[in-house]
There are 2 protein chains.
Amino acid sequence: MEQLTVVKIGGNVIDNSENLHRFLLDFQALPGKKILVHGGGKIATELGTSLGVEAKMVDGRRITDVETLRVVTMVYAGLINKNMVAQLQARGCNAIGLTGADGNIIKAVKRPVKTIDYGFVGDLDENAVAAGTLGSLLQAGLVPVLCAITHNGEGQLLNTNADTIASSVAVAMSSVYQTSLVYCFEKKGVLRDVENEDSLVKEIRASEFEMLQKQGVVSGGMIPKLHNAFEAIKNGLAAVYIGKADELPRISEQDFGTRLTA
Amino acid sequence: MEQLTVVKIGGNVIDNSENLHRFLLDFQALPGKKILVHGGGKIATELGTSLGVEAKMVDGRRITDVETLRVVTMVYAGLINKNMVAQLQARGCNAIGLTGADGNIIKAVKRPVKTIDYGFVGDLDENAVAAGTLGSLLQAGLVPVLCAITHNGEGQLLNTNADTIASSVAVAMSSVYQTSLVYCFEKKGVLRDVENEDSLVKEIRASEFEMLQKQGVVSGGMIPKLHNAFEAIKNGLAAVYIGKADELPRISEQDFGTRLTA
């Protein structure tokens with residue numbers, strides 16, 4: 001099977017133009033088929049503030065009212081996505097910037113209101129990703145750059161977690177490609193001692209995950225991240241990597257951050 | 001040759017959600033391959049005003065400074081484009097929203113500074129459109145929705161006239177498809193008496209264009225529009241139509257607005 005790398009970046013790369021520039025150079029140099037997934041970052045919050053749209057957070061999650069949806073659509077799908085595409089094109093990488101609405105590649109379900117009304121937020125089920133359409137773009141030599149906006153198939157755009165998009169896309173493509181998923185974040189990977197970048201845990205097997213939680217090595221926001229990663233592996237991914245964006249070139253030697261395997 | 005219809009809409013359709021809704025219904029119902037090209041409209045000006053970015057116009061042309069480029073990228077490529085795509089998807093039309101940077105489909109040249117510095121505005125030459133990439137999207141069953149943003153291939157996005165994009169795309173595709181170009185604007189077409197919608201000129205041949213200018217039937221902003229249209233016909237288009245968006249369904253009987261032919 002041909003190889004496919006799905007790389008997800010977040011605010012720590014996007015918010016700093018020098019980091020982003022360097023990352024895009026490394027991304028375009030990755031061998032084989034690839035897909036980039038990006039979140040938002042500070043720019044959306046800043047634009048919202050300029051427009052008098054306050055960021056509403058509950059339990060660390062953004063509440064997406066109609067005004068916030070306008071802002072994230074403009075910033076994620078417009079400003080950030082198109083500038084990244086233009087920069088990749090300048091380096092000879094034939095990028096194509098997409099939301100989930102484009103080509104109906106990711107169809108989400110508006111999150112049901114339980115205790116919290118998240119507003120226009122989309123959740124993905126196992127049939128969310130149109131692997132065939134994404135596959136035909138890849139086969140045409142295009143490099144999809146996906147932002148964190150999807151749709152419900154009934155005309156409504158939905159704000160959707162970029163980590164979830166990345167893992168859903170990777171899992172969906174794993175039936176056709178040998179797919180690796182790479183999460184770039186601010187640390188070198190999972191650290192035994194969060195203050196010490198030299199304490200990197202190089203590999204975690206699914207069977208070790210529970211123990212590492214008990215030991216406190218994996219805690220806080222890393223727990224759902226790793227939980228989702230192991231779910232994705234169970235569903236067919238070759239491997240999931242979590243590490244620092246500026247070490248991306250090491251992925252070709254499979255020596256990037258923390259490697260999660262079955 | 002298979003038929004392709006390239007339809008261009010402007011602010012008068014985009015600015016009114018009812019008009020836009022109705023137009024998108026008519027557009028998705030068009031038979032054969034199709035491409036939609038859209039301009040901006042008032043939303044960009046309004047967002048600019050909210051952000052303290054004043055619209056700068058010289059001779060009816062928008063000057064695109066770096067702040068204005070940010071605004072139009074957010075509004076054209078983000079807000080307008082993605083909402084149109086989501087609405088088309090809801091009607092079963094497999095739309096894919098793109099700028100010229102995406103898939104490198106339209107590469108422009110930043111307009112040289114002569115008497116006026118237009119800023120980040122792109123002009124198109126005869127090799128601007130990547131007909132092969134657009135063709136492979138059409139063959140994959142996708143319906144490209146192009147906004148008025150291109151790039152220079154060196155990482156710079158450029159604000160580009162949507163009429164020009166529409167005609168350049170139509171001409172480029174005319175080597176592979178029997179291509180018609182449809183400009184939707186606020187009038188029924190070219191009118192003998194601009195105050196009287198019943199005075200529609202149903203057809204204009206290239207040889208009649210000069211005479212109609214002398215008679216004053218074609219004047220003002222219609223002159224460059226028709227000039228570009230006849231250039232496009234000379235370069236291979238089957239026909240160019242100019243008419244009112246709400247009469248679009250009549251295009252299948254070739255009875256829409258004013259028909260320009262060789």
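Placement of Cβ uses the backbone N, Cα and C atoms for every residue, glycine included.
Owing to the predicted nature of the structure, the values given are computational and were not obtained by experimental measurement.
In TrEMBL, the substrate site is described by A:Gly40, A:Gly41, A:Asn159, and among A:Arg22, A:Arg62 the residue recorded at this site is A:Arg62. Across the domain 'Aspartate/glutamate/uridylate kinase' (A:4-242), the model assigns an average pLDDT of 94. Looking at A:Lys225 (site 'Transition state stabilizer') and A:Gly41 (substrate binding site), their Cα atoms lie 18 Å from each other. Among A:Gly40, A:Gly41, A:Arg62, A:Asn159, the residues given in the record as binding substrate, the maximal Cα to Cα distance rounds to 13 Å. Taking the centre of the Cβ atoms of A:Gly40, A:Gly41, A:Arg62, A:Asn159 as the substrate site, the nearby residues of that chain (Cβ within 8 Å, site residues left out) are A:Gly39, A:Ala44, A:Thr45, A:Val72, A:Val75, A:Tyr76, A:Ala148.
Calculated from their C-alpha atoms, the gap between A:Lys8 (site 'Transition state stabilizer') and A:Asn159 (substrate binding site) amounts to 16 Å. Annotation: A:Lys8 carries the greatest number of neighbouring Cβ atoms among the recorded positions A:Lys8, A:Arg62, A:Lys225 [cut-off 10 Å, Cβ to Cβ].
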